[in-house]
Amino acid sequence: MADSMVASFWGPVTSTTELCEENYAHSSYIAEFYNTISNVPCVLLALIGLVNAFRQGFEKRFSVLHISNMILAIGSMIFHATLQHVLQQSDETPMVWEILLYMYVLYSPDWHYRSTMPTFLFLYGAAFAVVHFFARFQVVFKLHYIGLCLLCIPRMYKYYIQTKDVAAKRLAKLWVLTLTLGTLCWLVDRICCKKLSHWYVNPQGHAWWHVLMGLNSYYANTFLMFCRAQQRGWEPRITHLLGFLPYVKVQKPEKRE
């Protein structure tokens with residue numbers, strides 16, 4: 001939205017995307033205050049997932065997945081704090097990289113040619129980053145991202161129907177719920193911005209999108225870790241941190257001498 005009376009530390013807005021939040025309303029250093037701080041829970045959730053992946057001895061792909069969630073959240077914080085086009089790439093490009101990584105985690109267990117998939121996905125992600133930087137996609141970026149997300153859904157559904165554990169199935173349902181609610185918040189913020197800007201309190205739909213998508217990534221990662229542990233015969237079970245945050249705990253079979 002249009003700048004407030006507070007002076008901008010970062011200079012004029014150059015990004016091709018602005019959300020329904022008054023710029024520099026709370027600080028001259030943070031363009032979109034709520035859209036910036038709403039990424040903090042995403043970083044914390046990814047850090048919790050990363051620690052658990054290390055402690056339980058999961059494959060490196062899951063550690064990289066949690067790290068990519070953190071990178072995306074930090075990149076989003078930087079972009080929303082500055083609204084500079086060069087830093088817009090630190091938000092949008094990692095979104096595509098993250099989805100490519102999810103595709104690898106989802107499809108790699110049944111992929112017979114181990115080197116071809118990561119090589120193709122790496123080259124695809126690198127090519128997209130270069131092209132997107134110069135082309136400054138807007139609508140095309142959104143359609144491209146949605147298309148990549150849709151490619152992940154059939155595999156998630158396959159894991160869901162193969163899993164018999166009730167707690168693990170609940171994680172998949174929470175993944176769908178947070179994705180749906182987050183998308184609704186994003187759409188309302190984009191479509192109804194003119195009306196919302198006249199409300200006494202702005203509901204900050206895009207900030208809620210960040211929080212819900214942070215939860216969405218955490219639930220997806222935890223569910224995928226559970227499914228992978230089942231594939232490896234690790235006897236996984238879902239337990240809860242502080243009584244409410246689910247995570248995977250495994251019991252690996254003892255190695256025979």
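Glycine too: its Cβ is placed from the backbone N, Cα and C atoms.
Residues or ranges marked as Ca(2+) binding site by TrEMBL: E21, N23, E32.
Taken from TrEMBL, the feature Zn(2+) binding site covers H80, H206, H210. Of all Cβ atoms in the shown protein chains, 29 besides its own fall within 10 Å of the Cβ of H80 (Zn(2+) binding site).
For 33-51 (among others), the entry in TrEMBL reads transmembrane segment. Same-chain residues lying 6 or more positions outside the transmembrane segment (33-51) and placing a CB less than 8 Å from one of its CB atoms are 19, 21, 25-27, 63, 66-67, 69-70, 72-74, 76-77, 80-81, 204, 206-208, 210-211, 213-215, 217-218, 221-222, 241, 245, 247.
Among the features that TrEMBL reports, transmembrane segment is placed at 63-83 (among others). Sequence-distant contacts of the transmembrane segment (63-83), counting only residues of its own chain at least 6 positions beyond either end whose CB sits under 8 Å from a CB of the stretch, comprise 10, 13-15, 18-19, 23, 29-32, 35-37, 39-40, 42-43, 45-47, 49-50, 53-54, 90-91, 93-95, 97-98, 101-102, 105, 210, 214, 217-218, 221, 224.
Residues or ranges marked as transmembrane segment in TrEMBL: 120-137 (among others). Sequence-distant neighbours of the transmembrane segment (120-137) (same chain, 6+ residues past either end, Cβ-Cβ under 8 Å): 16, 85, 89, 92-93, 96-97, 100-101, 103-104, 144.
Residues or ranges marked as transmembrane segment in TrEMBL: 172-188 (among others). Long-range contacts of the transmembrane segment (172-188) within its own chain (CB-CB distance under 8 A, at least 6 residues past either end) are made by residues 156, 159-160, 163, 196, 203, 205-206, 208-209, 212-213, 215-216, 219-220, 223.
The transmembrane segment annotation in TrEMBL covers 208-227 (among others).
Taking the binding-site residues E21, E32 in turn and counting surrounding C-beta atoms within 10 angstroms, the largest count is reached at E32. Summarising the environment of H210 (Zn(2+) binding site), the number of other Cβ atoms within 10 Å of its Cβ, over all protein chains shown, is 26. Listed in sequence order, the residues L19, E32, Y34, N35, T36, S38, N39, S76, A207, W209 complete the 8 Å Cβ shell around the Zn(2+) site centroid, once H80, H206, H210 themselves are left out. Ranked by CA distance from E32 (Ca(2+) binding site), the binding-site residues H80, H206, H210 have H80 at the top as the closest.
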